[in-house]
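First up is the structure itself, then whatever we jot down about it.
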Amino acid sequence: MAIFLAIKLDGKKLSQKIAGQLQQRVTKLKARGVSPKLAVILIGDDPASQIYVRNKRRMAKKIGIETSDLRLPVATSEEKLLQIIAELNNDVTVHGILVQLPLPPQINEETIIQAIDPLKDVDGFHPFNMGKLFMGAPYAIPCTPNGIMQLLAEYRIPLAGKKVVIVGRSNIVGRPLAALMINHNATVTVAHSYTKNLFELTRRADILVAAVGKAELFSQTAIKSGAVVIDVGINRNAAGKLVGDIDQIKVADIASYLTPVPGGVGPMTIAMLMKQTVDFAERSVK
Ligand SMILES: Nc1nc(=O)c2c([nH]1)NC[C@@H]1CN(c3ccc(C(=O)N[C@@H](CCC(=O)O)C(=O)O)cc3)C=[N+]21
Ligand SMILES: [Mg+2]
C-alpha cells in the first residue's frame, strides 16, 4: 500500500487570494457609486453561527463590503422576522440577505427561506436557486459547496468520472454539493444516517466529503489510499478543541489531499459569501 502524506487543501490561503480579487472589484463598483452591502440576521446563540458571524464581518471589512448585522432575541416571532425580510427585500442599498440557520422552533425555516428575494439570496437556499442549481444553470450557489468546488479547482483536482461520496444530505451542504458535482461530471453517491455499511462505501470513494457533524468519525479504515478528503465538520471534542468529522492525524497518512479544520472549508464558505454579494452588486448595475 502506498504511503501518502496528504497535501493540505489550504482554504485560508485561497480565501485570502479571493479576498484580494474581490477588493479590486469593490473598488470599481464604488467608483460607479455602488457600495456592496450584505445584511445578516442572527437569532439566538448557535455556536457555529457565532463563529460564522464574527469571521464574515472581519473579511467583509477587509474587502470593503458593508455589513449590517441584526441580532434578534431567541423569542422573536416569525411575523416579525418576515417583516424585517420584507424591508430588506425592498431596500435598494442591500444586495445580499443572509438569515443564519438553524432558527428557533417557533419559526418555520422553509417559510423564511422562501420570503427572501431570490435575487438577494446569498446562501442560494431559495427554491428558485436550488431549482436552477439542480437543473445545471445556477444563479446563486450555496457558499459551503461552492467553496469546496473552488478549492478542488485551485489544486487542479479532476472531477469528471471520479467516484464522489458525500456523507450528509443537508440543504446547506450535501444536497447542493451533489448537484454541483453532477454538473462537473462526477459520479455521485450521497450517504446519510440510514446508509448501511457506511465505511465500505466511503472506502470506494476517490473523493470523500464528510458533512455529518460527528467529531472525528472517519479514520483510516473509512478511506481509500490516495483519496481526496474534504472535512466539512465543525465540532468540539471532549477537550473543547475545534475538530472536524475526519481524524486528521491518521487520515493525513493515507489521503492524497486533505482539508484542515480550521483553515479549510470554513474560510472558503466565507469567501464565497463575499463573492456572491459582489456578484449581486455588479448585476444590480449591469
Ligand atoms: N444561512 C446559513 N448559511 C450558512 O452557511 C451557515 C449558517 N446559516 N449557519 C451556521 C453554518 C456554519 N457556517 C460556518 C462558516 C464558516 C466558519 C468558519 O469560519 N470556520 C473557521 C473557524 C475558525 C475559527 O475558529 O474562528 C475555519 O473552519 O477555519 C464556521 C461556520 C456557516 N453556516
Ligand atoms: Mg454554508
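Each Cβ is built from the backbone N, Cα and C atoms, and glycine gets one as well.
Here is what TrEMBL records for this protein:
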BINDING   G168, R169, S170, I234  NADP(+) binding site
DOMAIN    9-123  domain 'Tetrahydrofolate dehydrogenase/cyclohydrolase catalytic'
DOMAIN    142-283  domain 'Tetrahydrofolate dehydrogenase/cyclohydrolase NAD(P)-binding'
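Shown on the structure are the features that TrEMBL records.
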| residue | record | Cβ contacts under 8 Å, 6 or more apart |
| --- | --- | --- |
| G168 | NADP(+) binding site | G174, V190, A191, H192, V209, A210, A211, V212, G213, V232 |
| R169 | NADP(+) binding site | R175, V190, H192 |
| S170 | NADP(+) binding site | A211 |
| I234 | NADP(+) binding site | A48, I51, G213, L242, G244, V261, P262, G266 |
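When the Cα positions of G168, R169, S170, I234 are compared pair by pair, the longest gap among these NADP(+)-binding residues is 16 Å. Predicted-model confidence for the domain 'Tetrahydrofolate dehydrogenase/cyclohydrolase catalytic' (9-123) is 96, expressed as mean pLDDT. Residue counts for the domain 'Tetrahydrofolate dehydrogenase/cyclohydrolase NAD(P)-binding' (142-283) under DSSP, helix first, then strand, then coil, are 53 helix, 26 strand, 63 coil.
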